[in-house]
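These notes are about the structure you will find just below.
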């Protein structure tokens, strides 16, 4: 059984990680341990590079907390060019996989508050009245009318980032 450390305690992110690992390696093939670690970037990262750096930093910090795992996974959400997205970084002892998620364009009324220094999650909670929306369906669920959720979009990116770990062409 694979020991997977998720560098997050966010249920939406953990669900995406668990689902992707089960699909790639088989149902029940992994045990996920969640740890809370720092990203080393602002609470609301801006731009692709800052967001990816946050995910890479979380993986590095998770490795320090739990060095005996088989995989370390981080999902860092950010804002880039008026849209929300995330970077997924997965590492094993000898390999790294990274993938950027799909992007969701955000309404200007939301972006104004985020640009003023507020994080997207709290802004969306104020807008919707849903407490801790970032730990649930997120802005993605709200603006797609539930057709997609934060977790479903993250899931796709985790599957993509896992490609180097199970596809022989990468070796």
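Using the three backbone atoms N, Cα and C, a Cβ is placed for every residue, glycine included.
According to DSSP, residue 10 (substrate binding site) sits in a coil region rather than a helix or strand. Summarising the annotation, Swiss-Prot assigns substrate binding site to 8, 9, 10, 11, 12, 13.
All protein chains considered, the CB of residue 38 (Mg(2+) binding site) has 10 other CB atoms within 10 Å. Positions annotated as Mg(2+) binding site by Swiss-Prot, on the basis of sequence analysis: 38.
Rounded to the nearest whole angstrom, the C-alpha distance between residue 13 (substrate binding site) and residue 38 (Mg(2+) binding site) is 16.
When the alpha carbons of residue 9 (substrate binding site) and residue 38 (Mg(2+) binding site) are compared, the span between them is 12 angstrom. Counting Cβ atoms from all protein chains shown, residue 11 (substrate binding site) has 14 others lying within 10 Å of its own Cβ. Ranking the binding-site residues 8, 10, 11, 12 by the distance of their Cα atoms from the Cα of residue 38 (Mg(2+) binding site) places 8 first. Summary of the substrate site environment: with the site residues 8, 9, 10, 11, 12, 13 set aside, the chain residues having Cβ atoms within 8 Å of the Cβ mean position are 6, 14, 15, 34, 75, 135.
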